[in-house]
Amino acid sequence: MKKYTNIKDISNLKETIREAILLKMDPFEFQDLGKNKTLVMLFFNSSLRTRLSTEKAAKNLGMNVMILNVNDAWNLEFEDGTIMNANTSEHIKEAAQVISQYADIIAVRAFPSLTDKQKDESEFLLQSFIKYATVPIVNMESATAHPLQALADAITITELTEKANPKVVLSWAPHPKALPQAVANSFVEMMQNMDVDLTITHPEGYELSKEITKNTAINYKQEEALKNADFVYVKNWSSYNDYGKVLSQDKSWMMTKEKLGAAKFMHCLPVRRNVVVEDAVLDSESSVVIKQANNRTFAAQMVLKQILEDL
Amino acid sequence: MKKYTNIKDISNLKETIREAILLKMDPFEFQDLGKNKTLVMLFFNSSLRTRLSTEKAAKNLGMNVMILNVNDAWNLEFEDGTIMNANTSEHIKEAAQVISQYADIIAVRAFPSLTDKQKDESEFLLQSFIKYATVPIVNMESATAHPLQALADAITITELTEKANPKVVLSWAPHPKALPQAVANSFVEMMQNMDVDLTITHPEGYELSKEITKNTAINYKQEEALKNADFVYVKNWSSYNDYGKVLSQDKSWMMTKEKLGAAKFMHCLPVRRNVVVEDAVLDSESSVVIKQANNRTFAAQMVLKQILEDL
Amino acid sequence: MKKYTNIKDISNLKETIREAILLKMDPFEFQDLGKNKTLVMLFFNSSLRTRLSTEKAAKNLGMNVMILNVNDAWNLEFEDGTIMNANTSEHIKEAAQVISQYADIIAVRAFPSLTDKQKDESEFLLQSFIKYATVPIVNMESATAHPLQALADAITITELTEKANPKVVLSWAPHPKALPQAVANSFVEMMQNMDVDLTITHPEGYELSKEITKNTAINYKQEEALKNADFVYVKNWSSYNDYGKVLSQDKSWMMTKEKLGAAKFMHCLPVRRNVVVEDAVLDSESSVVIKQANNRTFAAQMVLKQILEDL
């Protein structure tokens, strides 16, 4: 693997998931692979799960890890040809090349603005790192994608699936703040590549990018969409069409035990209790969110392992 | 040891102190014990000594360490049943379970509010971690206790004691800010479990919780209390009864070389010079504060070692 | 080496540079040297390159690294005899002694005020660490010096020099903010110790300290100074005489491809494009700034290695 910025970077998804599950039995098996290799983790935004699980994954592989909260250092310039006499003090061209010399792999987290759709969609920050860095880049959640989360989700569903072609529903949930579409996007793309029957349900106006959803079924009636679901992935996102807007906080979209039925409940976390999902779901056996979070380590470890093998 | 949140978690104090002193001669002796084990350190408040000494202790034992300033990530919710549509974005139930999967031991620092006595006394944050985490918890200073400091103090007194049953005095000192009672509480509890003669001295109104002091002698006359002391532990704390209030900044309570006499001077640091204690004491041979700070490493190392042995 | 706070601490510069270049071929050769040794890195100011390269260097040598952003912890007091009842909560006397017990080497970064010349020139912070710490101190950029950068620069020039006694020009550049003289100072001192022909060029009023420049040629006409240069080191600094002031933002001092001619372009980074230097220079083969940044690792590694050998 030469980079992991999009789920398409995984060449053999089934094999990768199978290996991740095996890895859980012996997380330190490939500890020599990362010896004297360094992962630099760059955070333009805060992180708990992604940070800890990716650091853990790297250390499981024997890597050294160096972490930098970029905003504590300085503001980077991403535009070409700018006269840098204002707020930015270093150009991504230099920053990416320089950090590449201290790193064997660079992992980057940078959320979207949710105000400038075109800029967010261009993934200018991540793409700039890909363009100027001379080592592989790992996406720890970018403007439009969260492929490490999606891989963890795929591992979780694979581990828990008891039948062929399970029904998976991505169900929008209310939230007081405007959130990115990244998790939803990557989940949809991942499911499209697995042997599952995917349905998306959300209020009108919350359609994800057509380039993501393609032919995936969209049903505006949540109850109908949830019928006979095996896995229900609940997530809020802000509007894509009316970009970054909170169009609805309709509480009736909150996931409840009754709506969930016999399905497993999934969420990437952090989750707002009794807003996104009621306590009764999270505190029940139906919830697999803790398992999902655990699989973040092994998703990251598989990605780092495949990159290390190709260095 | 299954956790270390209170000095009562040490089952054999004398033996633990003896081992800590031996450990100082060969800090890397148990380096295999922590191999492939991870300590996650969570800071809700800033830290210098505790952070560096605990990290050092873990690495001396061969552990991996991951550090997170929690407030940089997000605000945790601790109440049950809340509709989380305001400032908190993740419930401790999820956070503690998730982090437990990335950690073999979790260490937590979280100071009291000093405004809500009942909430502070409930140790809601630490207790929530104990309740929901699935790995052992270490207290790096909580609302009401600082047991790692107390163990370091016990090691220091043991190392320096030249006679049976030395006289130890805990002497309140003035301070411009309202400080927690945690250090004083844990010191008192620790001394009650050692072969020492403990006296507490402070202005009226600064009584610590009776549940802590029990039958320990309290003398409001500092000079009298200090007579024939072998060790004088100086520390400011805010009022417990008039909770969190600074009732006095009476400079006459500052420790001086004259008052100290032949006793050893102890303080957990950081210490405000010429407010809590005069320069002449800190700059003399009587001060053992640097030794105390060094013993923080070995106190933490003994605690982590005993926990690792019981994993 | 007993400390590295000034380039004068290097006893054999030529040999050190030669070794650094050899080290690049096998960065992990001395990995046993740092086993069970700890570098504590203290940041009073933000850092990207210095932080990552120094951490990397220490890990290449097998050291443990602990990093502390000091301002996140608390304000240190540096004055003797102060009654500490205001903003400072710990005296450098305690802090330096305490941290020395957790560290085998302490590295410190602390910028000048650029307002109090006498205080900056006294290097009170760095000198206080040297005075009170009981382990070697490494300067990661202080008020008046950046010796790790200067060593990296010396390595870079040595690697790229194709003739005896190359002409090196330090050329001031405009910048919107008041910057320290530290990089320029250490570069000048380093060049004075190498077999190069050094010229400094800047607008009048930007003279560096005479104690630094000594007999080095100063030419106020940039074009004249640059003639036949082999290496041009471009850097902004604020006025030393009119201390900390930005006297000029004269754009004609920006480095251009035309002015640079056949010389190599050097800069310590971060660099403001099209303010300090035009894109055409940075994007050309003449720029060696990325190589310089890479050499930061090996400069730090040589310094840490020589200190470890003398522990």
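Using the three backbone atoms N, Cα and C, a Cβ is placed for every residue, glycine included.
Predicted automatically and left uncurated, TrEMBL annotations should be read as such.
Under the heading domain 'Aspartate/ornithine carbamoyltransferase carbamoyl-P binding', TrEMBL lists A:5-159.
Of all the Cβ atoms in the protein chains shown, 25 others lie within 10 Å of the Cβ of A:CYS268 (carbamoyl phosphate binding site). Taken from TrEMBL, the feature carbamoyl phosphate binding site covers A:SER47, A:LEU48, A:ARG49, A:THR50, A:TRP74, A:ARG109, A:HIS146, A:PRO147, A:LEU148, A:GLN149, A:CYS268, A:LEU269, A:ARG296.
Residues or ranges marked as N(2)-succinyl-L-ornithine binding site by TrEMBL: A:GLU141, A:HIS175, A:LYS235, A:ARG272. According to its DSSP assignment, A:GLU141 (N(2)-succinyl-L-ornithine binding site) is coil.
The annotation domain 'Aspartate/ornithine carbamoyltransferase Asp/Orn-binding' is assigned in TrEMBL to A:183-305.
Relative to A:LYS235 (N(2)-succinyl-L-ornithine binding site), the binding-site residues A:ARG49, A:TRP74, A:HIS146, A:LEU148, A:ARG296 all have Cα atoms farther than 10 Å away. Mapped onto three states, the DSSP output places A:CYS268 (carbamoyl phosphate binding site) in coil.
The distance from the Cα of A:ARG272 (N(2)-succinyl-L-ornithine binding site) to the Cα of A:HIS146 (carbamoyl phosphate binding site) comes to 19 Å. With a cut-off of 8 Å between CB atoms and residues at least 6 apart in sequence, the same chain places A:ARG49, A:THR50, A:SER53, A:THR54, A:LEU148, A:GLN149, A:ALA152 near A:ARG296 (carbamoyl phosphate binding site), listed in sequence order. In this structure, the C-alpha atom of A:TRP74 (carbamoyl phosphate binding site) lies 32 angstrom from that of A:HIS175 (N(2)-succinyl-L-ornithine binding site). On the 0 to 100 pLDDT scale, the domain 'Aspartate/ornithine carbamoyltransferase carbamoyl-P binding' (A:5-159) averages 96 in the predicted structure.
Put simply, the two farthest-apart Cα atoms among A:SER47, A:LEU48, A:ARG49, A:THR50, A:TRP74, A:ARG109, A:HIS146, A:PRO147, A:LEU148, A:GLN149, A:CYS268, A:LEU269, A:ARG296, the recorded binders of carbamoyl phosphate, are 30 Å from each other. On a Cα basis, A:HIS175 (N(2)-succinyl-L-ornithine binding site) lies 19 Å away from A:HIS146 (carbamoyl phosphate binding site).
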